[in-house]
């Protein structure tokens, strides 16, 4: 019984997020867990050649510039 209880406690500790961390999209499908001081998910376009644009997504401390920036403070909200 003690072994089962110890196992449950260990699993709980390993699965618990002891400090809230933000998760954002990085690129088109990948996600990234932000550092504790990064509180914003962002998405914007970087101008490229021939009228194309490159999508930039990730975590940040402030809303970046760029074309049509979108910034938010909730998990996976920069899609």
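Count begins at 1; order follows the chain as displayed.
Glycine residues also receive a Cβ, built from the backbone N, Cα and C atoms like all the rest.
Copied from Swiss-Prot, the annotated features are:
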DISULFID  24-41  disulfide bond
DISULFID  34-59  disulfide bond
DISULFID  63-71  disulfide bond
SIGNAL    1-21  signal peptide
Residue 41 (disulfide bond) versus residue 71 (disulfide bond) - Cα distance in angstrom: 6
Closest of 34, 59, 63 to residue 41 (disulfide bond), Cα positions, disulfide-bonded residues only: 59
Among the disulfide-bonded residues listed here (24, 71), identify the one with the smallest other-Cβ count within 10 Å. 71
How long is the line from the C-alpha of residue 34 (disulfide bond) to the C-alpha of residue 24 (disulfide bond), rounded to the nearest angstrom? 7
Cβ distance under 8 Å to residue 63 (disulfide bond), same chain, sequence separation 6 or more: which residues? 40, 42, 69, 71
Sorted by position, what residues of the same chain at least six away from residue 59 (disulfide bond) have a C-beta under 8 A from it? 22, 24, 26, 32, 34, 35, 38, 40, 41, 42
Pick the one among the disulfide-bonded residues 34, 41 whose Cβ has the fewest other Cβ atoms within 10 Å in this structure. 34
